[in-house]
Amino acid sequence: MLPLAGMQTRRALSSLLCVMSCAWLHSGLASRHKSPVLPIHSEREPLPSKGMSGCSFGGRFYSLEDTWHPDLGEPFGVMHCVQCYCETQRGRKSKVLGKVSCKNVKRDCPEPSCDDPVLLPGQCCKTCPKGEVDRKQAEAVFDGFEYFQEKEKEDDLHKSYNDRSYLSSEDISSGESRTDFVAVLTGVTGSWLPSSSGVARARFSLTRTSLTFSITYQRIERPSRVAFLDSDGNTAFEYKTPMRDSDMICGVWKNLPQSHVRQLQAEQLRVTMTTATGRREQIEGKIIKHRALFAETFSSTLTSEKEHSGMGGIAMLTLSDTENNLHFILILQGLIQPRQRDSPLVPIRVRLQYSQHVLREIHANVTAYDPDFAEVLTDLNSRELFWLSRGQLVIAVETEGPDPRHISGFITGRKSCDTIQSVMSSGDALTAGKTGGVGSAFFHLHDNGTLDYQVQIAGLSSEVVGLTIELKPRRRSKRSVLYDLAPEFDRPSGRATGSWSRLEARHIHMLLQNELFINVATAHSQEGELRGQIRGLLYSGLEAPRHEIPIPLAGQFVAPPVLTSAGGHAWVSVDERCHLHYEIVVAGLSKADDLTVSAHLHGFAEIGELGESSTNHKRLLTGFYGSQAQGVLKDISVELLRHLDRGTAFIQVSTKVNTRGEIRGRVHVPNNCEFGTRGEVEVAEFDGLFVHDPEELKKDPHTCFFESQHHAHGSLWTPNYNNCFTCSCQKRTVICDPVICPVLTCSRTIQPEDKCCPVCLERKDPKNMKTPERLDEHPEGCYFEGDQKMHAPGSTWHPFVPPFGYIKCALCTCKGATGEVHCEKVTCPALTCSRPVRRSPSDCCKECPEEDKPLLVHADMMQADGTRHCKFGKNFYQNSDNWHPRVPLMGEMKCITCWCDHGVTKCQRKQCPVLTCSNITRREGMCCPECQDSKEEEEELMKVPEKKNSWRH
């Protein structure tokens, strides 16, 4: 349960209400429309965009012409059917201003071409299920490029194995193909700098608002900086390259402005690289989209032997799926001389060579304004394929005529900053299961075709009898084993480390197309207890040590152990500033889990110390959808850093199904942060967890601004407006919960002035005279990590667990004799009524219903006790009232229920049960998926046509 009290949620919903109310006004007069008052009143955080033209919406700043889907926070989430736009307007004195306008885009959805369209998570429009439609879209991507078309594979009519995890190159959509870009960088002609001999190939991947780049270079010193130039030639972003002994540059341009994203899509951005040592050189190239990037598995950078020629090029190559045909595309720069530009066609010669011997030769013509060239080399023999796998083939391009110009380069497997890795889980095994075990592997492909590997296996139910790299099987009884890793497997450590030096060219192609698997067979599961797809993990820019074996995350490591189908691994590091970098990958959740959480994973990751003591230090890393989570945790307690250094810390991933932990792994990160970056701070109540420089807090994008103060992400505090509330900061969102007092069973109570809850007033009894002496052993009481407060000996309270707030279904007690906190589930009383009700969704126990009370009129409600009633939008609600909120453009949100809890409005989305059936569907008008029986479903749909027609998303 997440209360609708976050500052970001209030701003977003208020902004949307305001924008839509203004949009509904048809008169030209200005209207002062007051946005609805939501539970928390806080000052508006000063926007970091002062002096810039744009739009402010929901506490965020957007550049002119930006578009976005408004995020109303939990439990509403992102309104995917509402699109907002920052319009450009001219104000007084021709000043450029921004105005937000939002519209419902659902009416613009195209009509699906299939009979049974589905609504995918994160989408507004229904689409046809993956299958024939996606295959046709993938073919359309390469329409006109015959050499890159995929041949249709045989259908598997009798699959008796689990094929859920397989993700092949066929699973592409036309939208995804536009996320990859490429650039060829050569010497700049006409610059004040002398032309360079250097050539670089840059590959880019656009993910939401970040641009990841991998750059390889030749015949140039290591560049000191990489700069991106916009359409006007101005520097839009600059990246200083770390000085390493490598010909690879890896980086991320984060938070691209929407204007630059549009320029990137329109091929209007350029990238330059400049050296700082020795003879200063600069190379430059245009960033373009190219359809061949998706299928590319081999590549070559073509350079010239002439000094400062300014010539260069790249070759993108791939093998056919079933035949030994090598398809390639050449992108050439500077090869055509200026005097040849007047000729309509320029003849070139393309050669495939091995050790100066010409194996194949192609003659063709290119134009001066479009020097790209594409061709296919058919039926490569076994020697040619062998040389291709060893990186010994050369592709050379030469112009024909009296003054030929020549460039060439070796062909190797595609180079990238991405990590080739695999998570093995029982859920992805050929026969899916739930064992709680995990396997983790990562690989490195060398230019000579050697594949280094490191594999770790943990939490298995029996002894490992097989460890193999395989192809996708056509049938369970016909597994295709390519390589046996078992001889390198060390059973005591559960690890296998070695090199596969005989990869064929076909194997390299399949490896880089995500078409290989790693299988773990055990004595109890001869066909395989664990299995995982070997896939590339996009470079993130974090300082997590991907060159090391990751930390395995398994259900068997959870306390108590969980027999789950999921597995995972994580890379964790601590930098010189004592900030924690982490990357987590999860695989193997069952189909029922996937439907329940609307993705591969919906949960939260946390880090803490091992053990179940009351003083353990646990921090929320992130809540996330999908199969990955990554980020940087900056505010870490000194105690937790010590546990990381000693290897007594853990990372845990929880889901809706297993809220107390789905998978977990022990973390050991040696560090020199004994005193942290802030020094040892002796603070009794808050343990020095969130002591920050105010100026540093302002720079942190996850900081919350509340009551004129900045609060670090993950911090807790008592607000000034009411000391009986506890607030927490969760990534720019403030969540405040009222203190929930436990039910007292004593006959006499007293309300201390400095306490929020009453306490029992017990009579002095001679039998209890020794109690104070016993409690004096721990006079300070108990420290509880949840609310980060000291509690008096013998006191009881409901635990506070951020970001979920106070948990009514648990009760904690401070044991005065030991200073320990003991928490247990609340026992609900027996009820005598026949139809008990739950007064509000957050209540733990049901109650017998009371007689209906007359509703207060508006005037009476305004005079009533303000802390017992709630105002949501323009409506007032009594304590314990519940309702479905209304959102502009979307109407009533029937899958979300809000209620009034003593003056605080709280909302939560309907919790859906876990389904175990195989035929699952989701009907319009229903909040949760359900099991479908064809006959009963048809009869049910015939009975309630009105609901189906009246449903609004």
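A Cβ is built for glycine as well, from the same backbone N, Cα and C atoms used for every other residue.
Curation plays no part in TrEMBL annotations; they are all automatic predictions.
The domain 'VWFC' feature in TrEMBL is assigned to 53-129, 702-761, 780-849, 868-932. Under the heading domain 'CHRD', TrEMBL lists 177-292, 294-415, 416-539, 545-672. What TrEMBL records for 1-30 is signal peptide.
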The domain 'VWFC' (868-932) and the domain 'CHRD' (416-539) contact flag, 3+ Cβ pairs under 8 angstroms: no
DSSP residue counts for the domain 'VWFC' (53-129), split into helix, strand and coil: 6 helix, 32 strand, 39 coil
DSSP-assigned states of the domain 'VWFC' (868-932) in counts, ordered helix, strand, coil: 1 helix, 28 strand, 36 coil
Secondary structure composition of the domain 'CHRD' (177-292) [DSSP: H/G/I, E/B, coil]: 11 helix, 55 strand, 50 coil
Model confidence over the domain 'VWFC' (868-932), averaged pLDDT: 78
Counts of helix, strand and coil residues, the domain 'CHRD' (416-539), according to DSSP: 14 helix, 57 strand, 53 coil
